[in-house]
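Asks: Have a look at this one.
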Amino acid sequence: MQAKTSNPPDGGYGWVVVASAFTVMGLTVAVLKTFGLLFVEIQQHFDELASTTSWITSVTITIFHLGAPVASSLCARYTHRAVVITGGLLAFSGMALGFLGLNMVWMYATTGFLQGLGISFSWIPAISIVSHYFSKKRALASAIASAGECVFAFMFGPFFQWLISQYGWKGALLIIGGIQLNICVCGVLMRPLASSCLLEARHYETERPPSNGESRIDKEDKSAITHKTFNWMLVRQPEFVLYAIFGILAATSFFVPPLFLVPLSYSLGIDDSWTASLLSILAVVDFAGRLLCGWYANLHVTKTVHLLTVTITLISTSLVLLPLANNYLSLAIFTGFYGFFFGTTVAIHITVLADVVGMPDFDSALGLFMLIRSTGGFVGPPLAGLIVDMTGDYRAGFYMAGATLILSAVFLVTLDQLQQRKERGTQTNTKQENSTLPYSTLRLLKLQ
(Lines of atoms letter the chains of each structure in order from A; the text may use other names.)
(Lines give C-alpha, C1' and ligand atoms only; values in the text may rest on other atoms or scores of the structure.)
Protein backbone atom coordinates (compact mmCIF):
# COMPACT_ATOMS: atom_id res chain seq x y z
CA MET A 1 0.00 0.00 0.00
CA GLN A 2 1.39 3.43 -0.91
CA ALA A 3 2.22 5.72 1.94
CA LYS A 4 0.40 8.95 2.34
CA THR A 5 2.47 11.99 1.38
CA SER A 6 1.52 14.57 3.96
CA ASN A 7 3.09 16.35 6.87
CA PRO A 8 2.57 14.84 10.34
CA PRO A 9 -1.15 15.50 10.86
CA ASP A 10 -1.00 15.94 14.67
CA GLY A 11 -4.47 14.43 14.78
CA GLY A 12 -6.97 12.88 12.40
CA TYR A 13 -6.05 9.28 11.55
CA GLY A 14 -3.08 9.71 13.84
CA TRP A 15 -5.36 9.05 16.80
CA VAL A 16 -6.31 5.68 15.28
CA VAL A 17 -2.60 4.90 15.17
CA VAL A 18 -2.30 6.01 18.82
CA ALA A 19 -5.18 3.71 19.78
CA SER A 20 -3.51 0.81 17.97
CA ALA A 21 -0.18 1.53 19.66
CA PHE A 22 -2.04 1.81 22.99
CA THR A 23 -3.30 -1.76 22.54
CA VAL A 24 0.09 -3.05 21.37
CA MET A 25 1.71 -1.62 24.53
CA GLY A 26 -0.86 -3.46 26.61
CA LEU A 27 -0.42 -6.80 24.87
CA THR A 28 3.38 -6.68 25.11
CA VAL A 29 4.87 -4.72 28.00
CA ALA A 30 1.85 -5.23 30.29
CA VAL A 31 2.29 -9.00 29.91
CA LEU A 32 5.96 -8.62 30.80
CA LYS A 33 5.15 -6.45 33.81
CA THR A 34 2.65 -8.93 35.24
CA PHE A 35 4.90 -11.95 34.63
CA GLY A 36 5.70 -11.90 38.36
CA LEU A 37 2.44 -13.82 38.95
CA LEU A 38 3.74 -16.63 36.70
CA PHE A 39 7.27 -16.31 38.07
CA VAL A 40 6.43 -17.91 41.42
CA GLU A 41 4.44 -20.74 39.80
CA ILE A 42 7.25 -21.57 37.35
CA GLN A 43 9.88 -21.41 40.11
CA GLN A 44 7.92 -23.86 42.25
CA HIS A 45 7.16 -26.18 39.33
CA PHE A 46 10.81 -26.60 38.35
CA ASP A 47 12.08 -26.23 41.93
CA GLU A 48 14.68 -23.63 40.92
CA LEU A 49 16.31 -20.65 42.63
CA ALA A 50 14.97 -17.12 42.08
CA SER A 51 18.13 -16.21 40.16
CA THR A 52 17.68 -19.19 37.79
CA THR A 53 13.99 -18.54 37.14
CA SER A 54 14.57 -14.81 36.66
CA TRP A 55 16.62 -15.62 33.54
CA ILE A 56 13.30 -16.11 31.71
CA THR A 57 12.48 -12.44 32.21
CA SER A 58 16.11 -11.49 31.59
CA VAL A 59 16.17 -13.26 28.22
CA THR A 60 12.84 -11.67 27.26
CA ILE A 61 14.09 -8.19 28.13
CA THR A 62 17.44 -8.74 26.40
CA ILE A 63 15.93 -10.02 23.15
CA PHE A 64 13.38 -7.21 23.31
CA HIS A 65 16.29 -4.75 23.24
CA LEU A 66 18.61 -6.68 20.92
CA GLY A 67 15.85 -7.02 18.35
CA ALA A 68 15.27 -3.24 18.30
CA PRO A 69 17.79 -2.39 15.53
CA VAL A 70 16.46 -5.29 13.46
CA ALA A 71 12.90 -4.05 13.95
CA SER A 72 13.91 -0.48 13.04
CA SER A 73 15.75 -1.68 9.93
CA LEU A 74 12.74 -3.75 8.84
CA CYS A 75 10.50 -0.71 9.35
CA ALA A 76 12.80 1.23 7.01
CA ARG A 77 12.91 -1.60 4.47
CA TYR A 78 9.20 -2.46 4.58
CA THR A 79 6.57 -0.76 6.78
CA HIS A 80 5.76 -0.39 10.47
CA ARG A 81 2.55 -2.30 9.74
CA ALA A 82 4.31 -5.43 8.45
CA VAL A 83 6.75 -5.55 11.35
CA VAL A 84 3.99 -5.22 13.98
CA ILE A 85 2.03 -8.09 12.43
CA THR A 86 5.18 -10.25 12.46
CA GLY A 87 5.73 -9.33 16.11
CA GLY A 88 2.23 -10.46 17.03
CA LEU A 89 2.81 -13.87 15.46
CA LEU A 90 6.15 -14.27 17.26
CA ALA A 91 4.68 -13.28 20.64
CA PHE A 92 1.90 -15.84 20.23
CA SER A 93 4.41 -18.54 19.25
CA GLY A 94 6.52 -17.88 22.34
CA MET A 95 3.61 -18.29 24.74
CA ALA A 96 2.00 -21.20 22.87
CA LEU A 97 5.25 -23.21 22.84
CA GLY A 98 5.99 -22.24 26.44
CA PHE A 99 2.74 -24.04 27.28
CA LEU A 100 4.62 -27.33 26.83
CA GLY A 101 6.90 -26.44 29.77
CA LEU A 102 9.53 -29.11 29.03
CA ASN A 103 12.35 -27.62 31.14
CA MET A 104 13.97 -24.32 32.05
CA VAL A 105 16.04 -24.17 28.86
CA TRP A 106 12.83 -24.61 26.87
CA MET A 107 11.27 -21.73 28.82
CA TYR A 108 14.29 -19.54 28.04
CA ALA A 109 13.91 -20.31 24.33
CA THR A 110 10.13 -19.85 24.08
CA THR A 111 8.70 -17.57 26.77
CA GLY A 112 12.08 -15.84 26.84
CA PHE A 113 13.53 -15.61 23.31
CA LEU A 114 10.45 -15.82 21.06
CA GLN A 115 8.32 -13.67 23.35
CA GLY A 116 11.10 -11.07 23.59
CA LEU A 117 11.48 -10.94 19.80
CA GLY A 118 7.73 -10.61 19.41
CA ILE A 119 7.62 -7.73 21.89
CA SER A 120 10.51 -6.02 20.09
CA PHE A 121 8.92 -6.35 16.65
CA SER A 122 5.63 -4.99 18.04
CA TRP A 123 6.74 -2.29 20.50
CA ILE A 124 9.46 -0.59 18.43
CA PRO A 125 7.38 0.16 15.29
CA ALA A 126 4.29 1.01 17.35
CA ILE A 127 6.00 3.72 19.42
CA SER A 128 7.98 4.89 16.38
CA ILE A 129 5.01 5.43 14.07
CA VAL A 130 3.25 7.52 16.73
CA SER A 131 6.25 9.88 16.81
CA HIS A 132 6.06 10.16 13.02
CA TYR A 133 2.34 10.98 13.04
CA PHE A 134 2.72 13.76 15.63
CA SER A 135 4.99 16.77 16.01
CA LYS A 136 3.55 19.48 18.27
CA LYS A 137 1.52 16.94 20.25
CA ARG A 138 4.20 14.24 20.21
CA ALA A 139 4.72 14.15 24.00
CA LEU A 140 0.99 13.80 24.68
CA ALA A 141 0.43 11.22 21.94
CA SER A 142 3.40 9.13 23.11
CA ALA A 143 2.17 9.30 26.71
CA ILE A 144 -1.31 8.12 25.72
CA ALA A 145 0.10 5.28 23.63
CA SER A 146 2.47 4.13 26.37
CA ALA A 147 -0.37 4.26 28.90
CA GLY A 148 -1.79 1.15 27.24
CA GLU A 149 0.50 -1.04 29.30
CA CYS A 150 -0.95 0.52 32.49
CA VAL A 151 -4.58 -0.04 31.58
CA PHE A 152 -3.93 -3.61 30.48
CA ALA A 153 -1.71 -4.33 33.48
CA PHE A 154 -4.57 -3.17 35.73
CA MET A 155 -6.83 -5.79 34.13
CA PHE A 156 -4.15 -8.45 33.69
CA GLY A 157 -3.22 -8.59 37.38
CA PRO A 158 -6.46 -10.21 38.67
CA PHE A 159 -7.15 -11.84 35.28
CA PHE A 160 -3.83 -13.71 35.19
CA GLN A 161 -4.32 -14.73 38.81
CA TRP A 162 -7.70 -16.19 37.86
CA LEU A 163 -6.25 -17.94 34.81
CA ILE A 164 -3.54 -19.57 36.94
CA SER A 165 -6.06 -20.74 39.52
CA GLN A 166 -8.36 -22.19 36.84
CA TYR A 167 -5.96 -23.60 34.24
CA GLY A 168 -2.55 -23.62 35.91
CA TRP A 169 0.44 -21.62 34.69
CA LYS A 170 0.73 -23.66 31.49
CA GLY A 171 -2.89 -23.10 30.47
CA ALA A 172 -2.51 -19.42 31.36
CA LEU A 173 0.46 -19.12 28.99
CA LEU A 174 -1.53 -20.59 26.10
CA ILE A 175 -4.52 -18.29 26.66
CA ILE A 176 -2.29 -15.23 27.01
CA GLY A 177 -0.61 -16.13 23.71
CA GLY A 178 -4.01 -16.30 22.00
CA ILE A 179 -4.87 -12.85 23.33
CA GLN A 180 -1.58 -11.51 21.95
CA LEU A 181 -2.69 -12.41 18.42
CA ASN A 182 -4.70 -9.18 18.55
CA ILE A 183 -1.38 -7.37 18.01
CA CYS A 184 -1.73 -8.39 14.34
CA VAL A 185 -5.08 -6.56 14.14
CA CYS A 186 -3.45 -3.43 15.56
CA GLY A 187 -0.68 -3.71 12.98
CA VAL A 188 -3.19 -3.69 10.13
CA LEU A 189 -4.52 -0.33 11.37
CA MET A 190 -1.08 1.32 11.31
CA ARG A 191 -1.28 3.05 7.93
CA PRO A 192 2.17 4.03 6.58
CA LEU A 193 3.04 7.73 6.57
CA ALA A 194 5.63 9.12 4.15
CA SER A 195 8.90 10.18 5.76
CA SER A 196 10.09 13.75 6.00
CA CYS A 197 13.00 12.84 3.69
CA LEU A 198 10.57 12.05 0.88
CA LEU A 199 8.68 15.27 1.50
CA GLU A 200 11.90 17.26 1.26
CA ALA A 201 12.69 15.49 -2.00
CA ARG A 202 9.26 16.43 -3.33
CA HIS A 203 9.93 20.08 -2.50
CA TYR A 204 13.27 19.89 -4.32
CA GLU A 205 11.61 18.31 -7.35
CA THR A 206 9.17 21.23 -7.65
CA GLU A 207 12.13 23.63 -7.87
CA ARG A 208 13.41 22.13 -11.12
CA PRO A 209 11.69 20.71 -14.25
CA PRO A 210 11.45 16.93 -14.69
CA SER A 211 13.78 15.25 -17.18
CA ASN A 212 13.51 12.21 -19.45
CA GLY A 213 10.17 10.76 -18.56
CA GLU A 214 9.74 9.40 -15.05
CA SER A 215 11.04 11.76 -12.36
CA ARG A 216 13.07 10.75 -9.35
CA ILE A 217 10.07 11.38 -7.09
CA ASP A 218 7.83 9.15 -9.21
CA LYS A 219 10.30 6.34 -8.60
CA GLU A 220 10.40 7.08 -4.88
CA ASP A 221 6.61 7.14 -4.78
CA LYS A 222 6.65 3.45 -5.61
CA SER A 223 8.14 2.83 -2.21
CA ALA A 224 8.16 5.69 0.29
CA ILE A 225 9.94 3.63 2.87
CA THR A 226 12.74 1.71 1.16
CA HIS A 227 14.96 4.76 0.52
CA LYS A 228 15.75 5.11 4.22
CA THR A 229 18.89 3.64 5.76
CA PHE A 230 19.87 2.78 9.29
CA ASN A 231 22.28 5.35 10.76
CA TRP A 232 24.90 3.50 12.82
CA MET A 233 27.04 6.66 13.13
CA LEU A 234 24.87 7.93 15.96
CA VAL A 235 27.23 6.12 18.35
CA ARG A 236 29.76 8.88 17.57
CA GLN A 237 27.51 11.63 18.92
CA PRO A 238 28.36 12.45 22.58
CA GLU A 239 24.76 13.39 23.39
CA PHE A 240 23.44 10.06 22.16
CA VAL A 241 26.18 8.14 24.01
CA LEU A 242 25.36 9.88 27.31
CA TYR A 243 21.66 9.13 26.86
CA ALA A 244 22.43 5.52 25.98
CA ILE A 245 24.45 5.11 29.21
CA PHE A 246 21.49 6.52 31.10
CA GLY A 247 19.35 3.92 29.34
CA ILE A 248 21.62 1.07 30.40
CA LEU A 249 21.47 2.04 34.07
CA ALA A 250 17.73 2.70 33.94
CA ALA A 251 17.04 -0.67 32.32
CA THR A 252 19.09 -2.37 35.03
CA SER A 253 16.53 -1.04 37.51
CA PHE A 254 13.20 -0.75 35.68
CA PHE A 255 12.41 -4.47 35.41
CA VAL A 256 13.38 -5.42 38.95
CA PRO A 257 10.47 -3.97 41.02
CA PRO A 258 7.61 -5.56 39.03
CA LEU A 259 9.43 -8.91 39.14
CA PHE A 260 10.00 -8.95 42.90
CA LEU A 261 6.96 -7.05 44.13
CA VAL A 262 4.84 -10.21 44.26
CA PRO A 263 7.49 -12.34 46.07
CA LEU A 264 8.08 -9.48 48.54
CA SER A 265 4.37 -9.37 49.25
CA TYR A 266 4.31 -13.13 49.85
CA SER A 267 7.30 -12.85 52.19
CA LEU A 268 5.28 -10.36 54.29
CA GLY A 269 2.47 -12.91 54.61
CA ILE A 270 0.00 -11.01 52.40
CA ASP A 271 -2.82 -13.08 50.85
CA ASP A 272 -2.72 -13.96 47.13
CA SER A 273 -5.80 -11.90 46.24
CA TRP A 274 -4.41 -8.80 47.96
CA THR A 275 -1.07 -9.34 46.24
CA ALA A 276 -2.74 -9.28 42.83
CA SER A 277 -4.39 -5.98 43.76
CA LEU A 278 -0.93 -4.43 44.22
CA LEU A 279 -0.31 -4.90 40.50
CA SER A 280 -3.61 -3.21 39.76
CA ILE A 281 -2.71 -0.28 42.03
CA LEU A 282 0.64 -0.08 40.27
CA ALA A 283 -1.11 0.07 36.90
CA VAL A 284 -3.61 2.77 37.93
CA VAL A 285 -1.06 5.22 39.34
CA ASP A 286 1.31 4.44 36.47
CA PHE A 287 -1.46 5.40 34.05
CA ALA A 288 -2.14 8.66 35.93
CA GLY A 289 1.57 9.51 35.97
CA ARG A 290 1.93 9.03 32.22
CA LEU A 291 -1.05 11.13 31.25
CA LEU A 292 -0.22 13.92 33.71
CA CYS A 293 3.43 14.07 32.65
CA GLY A 294 2.54 13.85 28.95
CA TRP A 295 0.07 16.73 29.35
CA TYR A 296 2.62 18.83 31.24
CA ALA A 297 5.40 18.11 28.73
CA ASN A 298 3.03 19.11 25.92
CA LEU A 299 2.84 22.61 27.46
CA HIS A 300 6.58 23.03 26.77
CA VAL A 301 7.07 24.85 30.07
CA THR A 302 10.11 22.76 31.04
CA LYS A 303 12.77 21.12 28.88
CA THR A 304 11.97 17.43 28.61
CA VAL A 305 15.46 16.41 29.76
CA HIS A 306 15.00 18.51 32.93
CA LEU A 307 11.62 16.90 33.54
CA LEU A 308 13.09 13.42 33.03
CA THR A 309 15.89 14.14 35.51
CA VAL A 310 13.36 15.12 38.16
CA THR A 311 11.19 12.03 37.59
CA ILE A 312 14.22 9.71 37.72
CA THR A 313 15.28 11.22 41.03
CA LEU A 314 11.79 10.76 42.46
CA ILE A 315 11.41 7.16 41.28
CA SER A 316 14.80 6.20 42.74
CA THR A 317 13.79 7.74 46.08
CA SER A 318 10.51 5.81 46.11
CA LEU A 319 12.36 2.53 45.37
CA VAL A 320 14.72 3.05 48.29
CA LEU A 321 11.74 3.74 50.58
CA LEU A 322 9.47 0.92 49.31
CA PRO A 323 11.25 -1.89 51.24
CA LEU A 324 10.37 -0.10 54.51
CA ALA A 325 6.80 -1.39 54.13
CA ASN A 326 5.86 -4.15 56.58
CA ASN A 327 2.15 -4.71 55.84
CA TYR A 328 -0.30 -4.47 52.95
CA LEU A 329 -1.33 -0.84 53.54
CA SER A 330 2.19 0.54 53.70
CA LEU A 331 3.28 -1.63 50.76
CA ALA A 332 0.33 -0.36 48.71
CA ILE A 333 1.22 3.27 49.51
CA PHE A 334 4.88 2.92 48.57
CA THR A 335 3.90 0.93 45.47
CA GLY A 336 1.64 3.81 44.50
CA PHE A 337 4.47 6.35 44.76
CA TYR A 338 6.80 4.12 42.75
CA GLY A 339 4.18 3.44 40.07
CA PHE A 340 3.28 7.13 39.64
CA PHE A 341 6.87 8.29 39.21
CA PHE A 342 7.62 5.33 36.96
CA GLY A 343 4.72 6.42 34.75
CA THR A 344 6.02 9.99 34.52
CA THR A 345 9.44 8.66 33.52
CA VAL A 346 8.22 6.30 30.81
CA ALA A 347 5.89 8.96 29.38
CA ILE A 348 8.74 11.19 28.22
CA HIS A 349 11.97 9.19 27.91
CA ILE A 350 11.33 8.39 24.23
CA THR A 351 10.38 12.04 23.60
CA VAL A 352 13.72 13.08 25.10
CA LEU A 353 15.48 10.73 22.67
CA ALA A 354 13.72 12.45 19.76
CA ASP A 355 14.86 15.82 21.10
CA VAL A 356 18.44 14.58 21.44
CA VAL A 357 18.89 13.21 17.88
CA GLY A 358 16.09 14.87 15.86
CA MET A 359 13.33 13.14 13.89
CA PRO A 360 15.36 12.34 10.73
CA ASP A 361 17.48 9.92 12.79
CA PHE A 362 14.81 8.92 15.28
CA ASP A 363 14.09 5.41 13.94
CA SER A 364 17.80 4.57 13.90
CA ALA A 365 18.33 6.15 17.32
CA LEU A 366 15.43 4.21 18.84
CA GLY A 367 16.79 0.92 17.54
CA LEU A 368 20.35 1.67 18.70
CA PHE A 369 19.14 2.98 22.06
CA MET A 370 17.17 -0.18 22.74
CA LEU A 371 20.11 -2.33 21.61
CA ILE A 372 22.59 -0.61 23.92
CA ARG A 373 20.07 -0.53 26.76
CA SER A 374 19.70 -4.31 26.48
CA THR A 375 22.83 -4.84 28.56
CA GLY A 376 21.04 -3.28 31.53
CA GLY A 377 17.91 -5.37 31.02
CA PHE A 378 20.04 -8.48 30.69
CA VAL A 379 22.04 -7.90 33.86
CA GLY A 380 19.37 -6.31 36.08
CA PRO A 381 16.97 -9.16 37.01
CA PRO A 382 19.65 -11.86 37.48
CA LEU A 383 21.83 -9.47 39.50
CA ALA A 384 18.90 -8.57 41.71
CA GLY A 385 18.01 -12.28 41.99
CA LEU A 386 21.59 -13.08 43.02
CA ILE A 387 21.52 -10.36 45.68
CA VAL A 388 18.18 -11.70 46.93
CA ASP A 389 19.59 -15.25 47.11
CA MET A 390 22.68 -14.02 49.01
CA THR A 391 20.74 -11.92 51.51
CA GLY A 392 17.61 -14.04 51.71
CA ASP A 393 15.54 -10.85 51.54
CA TYR A 394 13.61 -9.49 48.54
CA ARG A 395 14.12 -5.94 49.87
CA ALA A 396 17.73 -6.03 48.69
CA GLY A 397 16.60 -6.08 45.06
CA PHE A 398 14.72 -2.81 45.51
CA TYR A 399 17.72 -1.12 47.15
CA MET A 400 19.87 -2.13 44.19
CA ALA A 401 17.32 -0.74 41.70
CA GLY A 402 17.05 2.58 43.54
CA ALA A 403 20.81 3.07 43.76
CA THR A 404 21.30 2.33 40.05
CA LEU A 405 18.65 4.86 39.06
CA ILE A 406 20.28 7.56 41.17
CA LEU A 407 23.51 6.95 39.24
CA SER A 408 21.64 7.17 35.90
CA ALA A 409 20.44 10.69 36.78
CA VAL A 410 24.08 11.85 36.79
CA PHE A 411 24.35 11.13 33.07
CA LEU A 412 21.15 13.09 32.35
CA VAL A 413 22.63 16.11 34.12
CA THR A 414 25.84 15.72 32.10
CA LEU A 415 23.82 15.49 28.87
CA ASP A 416 21.94 18.67 29.73
CA GLN A 417 25.19 20.53 30.47
CA LEU A 418 26.64 19.43 27.12
CA GLN A 419 23.52 20.57 25.24
CA GLN A 420 23.55 23.95 26.98
CA ARG A 421 27.24 24.43 26.16
CA LYS A 422 26.58 23.71 22.48
CA GLU A 423 23.59 26.07 22.44
CA ARG A 424 25.71 28.87 23.92
CA GLY A 425 28.42 28.19 21.34
CA THR A 426 25.88 28.34 18.50
CA GLN A 427 24.46 31.64 19.77
CA THR A 428 27.96 33.12 20.07
CA ASN A 429 28.84 32.11 16.50
CA THR A 430 25.59 33.60 15.20
CA LYS A 431 26.31 36.92 16.92
CA GLN A 432 29.84 36.98 15.49
CA GLU A 433 28.56 36.31 11.98
CA ASN A 434 25.95 39.03 12.29
CA SER A 435 28.55 41.52 13.52
CA THR A 436 30.56 41.08 10.32
CA LEU A 437 27.61 41.81 8.00
CA PRO A 438 27.35 45.23 6.31
CA TYR A 439 25.07 47.77 7.97
CA SER A 440 22.65 47.72 5.03
CA THR A 441 22.27 43.94 5.28
CA LEU A 442 21.62 44.07 9.03
CA ARG A 443 19.02 46.80 8.51
CA LEU A 444 17.29 44.65 5.87
CA LEU A 445 17.28 41.61 8.21
CA LYS A 446 15.67 43.69 10.97
CA LEU A 447 12.98 44.94 8.60
CA GLN A 448 12.20 41.35 7.61
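Each residue, glycine too, has its Cβ placed from N, Cα and C.
All TrEMBL annotations are machine predictions without curation.
Residues or ranges marked as transmembrane segment in TrEMBL: 12-35, 55-75, 82-100, 106-127, 139-160, 172-194, 240-262, 274-293, 305-325, 331-353, 365-384, 396-415. According to TrEMBL, the domain 'Major facilitator superfamily (MFS) profile' annotation covers 14-420.
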Asks: Where, among 106-127, 139-160, 274-293, 365-384, 396-415, do we find the most CB pairs under 8 A to the transmembrane segment (305-325)?
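Replies: Between the stretches 106-127, 139-160, 274-293, 365-384, 396-415, 396-415 has the largest tally.
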Asks: Please determine whether the transmembrane segment (365-384) and the transmembrane segment (82-100) are in contact (criterion: at least three Cβ-Cβ distances under 8 Å, sequence separation 6 or more).
Replies: no
Asks: Which of 139-160, 240-262, 331-353 shares the most C-beta pairs under 8 angstroms with the transmembrane segment (396-415)?
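Replies: Per the Cβ under 8 Å count, 240-262.
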Asks: Per the 3+ Cβ pairs under 8 Å rule, pairs at least 6 apart in sequence, do the transmembrane segment (139-160) and the transmembrane segment (274-293) touch?
Replies: yes
Asks: When you check the transmembrane segment (106-127) against the transmembrane segment (274-293), do you get at least 3 Cβ pairs under 8 Å, counting only pairs 6 or more apart in sequence?
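Replies: Taking Cβ pairs at least 6 residues apart, the transmembrane segment (274-293) and the transmembrane segment (106-127) are not in contact, as fewer than 3 fall under 8 Å.
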Asks: How about the transmembrane segment (12-35) with the transmembrane segment (331-353) - do they touch, taking at least 3 C-beta pairs under 8 Å (6 or more apart in sequence) as contact?
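Replies: Result for the transmembrane segment (12-35) with the transmembrane segment (331-353) is no.
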Asks: Looking only at the domain 'Major facilitator superfamily (MFS) profile' (14-420), report the model's average pLDDT.
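Replies: Mean per-residue confidence for the domain 'Major facilitator superfamily (MFS) profile' (14-420): 82 out of 100.
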Asks: State the non-local partners of the transmembrane segment (240-262) in its own chain: residues 6+ outside its ends, Cβ under 8 Å from one of its Cβ atoms.
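Replies: Residues packing against the transmembrane segment (240-262) from afar: 32-37, 39-40, 54, 57, 61, 65, 234, 275, 278-279, 282, 312, 316, 319, 322, 335, 338, 342, 345, 349, 352-353, 356-357, 365, 368-369, 372-377, 379-381, 383-384, 388, 394, 397-398, 400-402, 404-405, 407-409, 411-412, 414-415, 418.
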